[in-house]
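If you check TrEMBL, you get these features:
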ACT_SITE  B:29  active site, nucleophile
ACT_SITE  B:31  active site, proton donor
BINDING   B:29, B:31, B:253  Mg(2+) binding site
BINDING   B:228  substrate binding site
């Protein structure tokens with residue numbers, strides 16, 4: 001496979017144009033690729049404009065489940081980048097699609113218990129699922145089994161699935177009630193994404209996976225993970241846009257999620273950028289732990305800078 | 001081994017006396033054996049008094065790390081049972097002993113980062129270790145990497161170990177700072193106990209292991225667990241009292257912690273009580289998942305009731 005050949009570093013105009021000509025569609029990870037937290041990386045607007053003017057299709061794929069797709073368009077807007085909601089795929093949205101299309105739960109009838117932030121609730125709600133938990137203020141109260149409003153009247157029998165992801169408001173109340181639902185054998189268990197950590201302001205902080213694995217351990221169950229690098233997410237995207245995988249390139253800053261996602265999804269190519277957590281040394285490393293990218297570049301903006 | 005023979009059910013005076021004559025020392029799990037939460041089980045005071053009057057040595061061994069040994073004596077007192085601090089071993093105390101005697105960290109010099117409740121901090125402090133984290137009110141504030149007092153001045157370079165256990169005040173702040181210390185390769189990682197859950201008021205709630213495993217997953221590290229069924233705890237007890245293991249019996253309500261603890265620690269016997277989470281069917285089951293007890297009894301108080 002292309003991805004297992006020695007990665008090509010894009011270092012000049014010729015290589016950049018050759019690379020761009022190979023693909024019709026680019027799937028971008030966001031944080032570490034387009035921006036770092038609240039800082040837009042250099043020449044990103046120009047690169048995206050150039051790709052659009054070349055007739056390329058742009059799709060944005062993020063494991064961040066804390067924001068809904070609608071909220072994500074606002075983040076793009078804040079950087080002066082115009083994208084529409086249907087160009088964005090979050091792991092929260094991927095989880096909602098999985099619940100409806102794979103688990104075949106019924107919007108309007110089956111309910112979901114969410115352990116995660118507003119993004120998870122909003123995507124599930126938009127799909128028609130009544131969603132309990134998540135950012136319900138009652139869960140911010142200290143947990144007491146005798147008074148918790150989520151316990152005293154019994155569990156909701158219509159809850160058929162737990163969707164768990166990153167929650168900065170994680171507390172014992174949320175963990176305890178999530179466990180009660182997971183102890184029901186007929187309740188499904190979905191994790192938004194397996195990331196153990198995420199980078200922020202030079203630190204590495206606990207990611208969605210570290211929360212999902214906590215309730216997985218207490219319940220003795222394994223979740224179905226939906227975000228990158230899981231194929232469910234890519235299958236959803238490919239079918240939504242009727243894409244030709246061979247003409248798609250996944251662009252990301254993480255070998256074990258983004259590049260694996262493109263590789264295992266059998267896309268035509270992968271591009272690693274070095275503005276996130278990976279180094280050139282890691283990009284070139286041959287290991288069984290993650291695939292190598294087909295291409296890599298110091299920063300995404302180089303694609304524009306080399307050709308202008 | 002005795003424990004793998006068919007378990008003997010103690011159902012009358014003769015069996016009870018035969019059982020009691022075999023042992024000089026009884027190690028008791030507490031919750032589920034002596035009491036259920038705040039309710040003392042029937043004939044417990046009488047049974048313990050009888051054992052004392054027969055010259056038996058009584059030791060109490062609990063995986064509850066939230067209370068110190070001193071606080072535990074008060075819990076016994078509240079039930080009208082008089083025990084001294086040195087009869088009690090908690091997983092928090094076992095962790096403190098492990099940090100000092102096995103990891104050879106130096107009280108008065110090396111510091112500990114605690115992710116757990118007051119019991120962990122108190123035991124480490126009593127042993128002379130300055131302990132950061134735990135129930136520090138600063139950790140109750142919402143986490144912000146730019147303002148967290150545990151980050152803005154850098155990590156404490158004298159911290160040489162993380163001790164993690166059950167914390168009902170678990171939040172993102174605690175998880176994030178604990179992860180920062182675990183990212184330091186020279187910082188050791190100790191878990192008080194591996195229990196995935198604990199029973200309370202008819203429910204099963206997340207236990208210490210579900211918190212420890214969260215930071216284990218985010219850090220990619222494995223902890224050294226100290227509580228039952230780990231041998232470290234039993235070794236500490238045996239050496240503190242210079243016990244003859246063959247004359248000791250472990251009494252508990254959990255096959256995979258208490259009975260395993262006695263079995264793997266090669267004690268003379270084990271007694272399962274059915275007042276906690278196990279059933280008679282489970283006690284008799286032959287499985288590779290846990291050892292069988294040598295003896296079992298409906299409730300601990302039967303030992304007194306049969307003989308009086």
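Placed from the backbone N, Cα and C atoms, the Cβ positions cover glycine too.
Where the annotation comes from TrEMBL, it is an automatic prediction and has not been curated.
The closest partner of the residue listed as 'substrate binding site' among the recorded positions, by CA position, is B:29; the full candidate set was B:29, B:31, B:253.
Least crowded of the recorded positions (B:29, B:31, B:253), judged by neighbouring Cβ atoms within 10 Å of its own Cβ: B:31. Between the alpha carbons (Cα) of the residue listed as 'active site, proton donor' and residue B:253 (Mg(2+) binding site) lies a span of roughly 8 Å.
The Cβ of the residue listed as 'substrate binding site' has 31 other Cβ atoms within 10 Å, all protein chains considered.
Apart from B:29, B:31, B:253, the Mg(2+) site neighbourhood in this chain, defined by C-beta within 8 angstroms of the site C-beta centre, holds B:30, B:32, B:33, B:34, B:62, B:252, B:254, B:258, B:273, B:276. Separation of the C-alpha atoms of residue B:253 (Mg(2+) binding site) and the residue listed as 'active site, nucleophile': 7 Å, rounded to the nearest whole number.
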